[in-house]
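**Q** I am attaching a structure below and will ask some questions about it afterwards.
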Amino acid sequence: DYCCRRPTCIPIC
């Protein structure tokens, strides 16, 4: 999964 789809990650999408 991409970082965008991970609840533990806060990416800039």
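For all residues, glycine too, the Cβ spot is worked out from N, Cα and C.
The disulfide bond annotation in Swiss-Prot covers CYS3-CYS9, CYS4-CYS13, and the record cites similarity to another entry as its basis. Under the heading 4-hydroxyproline, Swiss-Prot lists PRO7, citing experimental evidence as support. As annotated by Swiss-Prot, cysteine amide applies to CYS13, with the evidence given as experimental evidence.
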**Q** Note down the number of other Cβ atoms within 10 Å of the Cβ of the residue listed as '4-hydroxyproline', including every protein chain shown.
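**A** So the number of other Cβ atoms within 10 Å of the residue listed as '4-hydroxyproline' is 5.
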**Q** Just counting, how many other CB atoms are there within 10 A of the CB of CYS9 (disulfide bond)?
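**A** Other Cβ atoms found within 10 Å: 10.
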**Q** I want to verify one value. Collapsing DSSP to three states, which class is CYS9 (disulfide bond)?
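**A** Coil, per DSSP.
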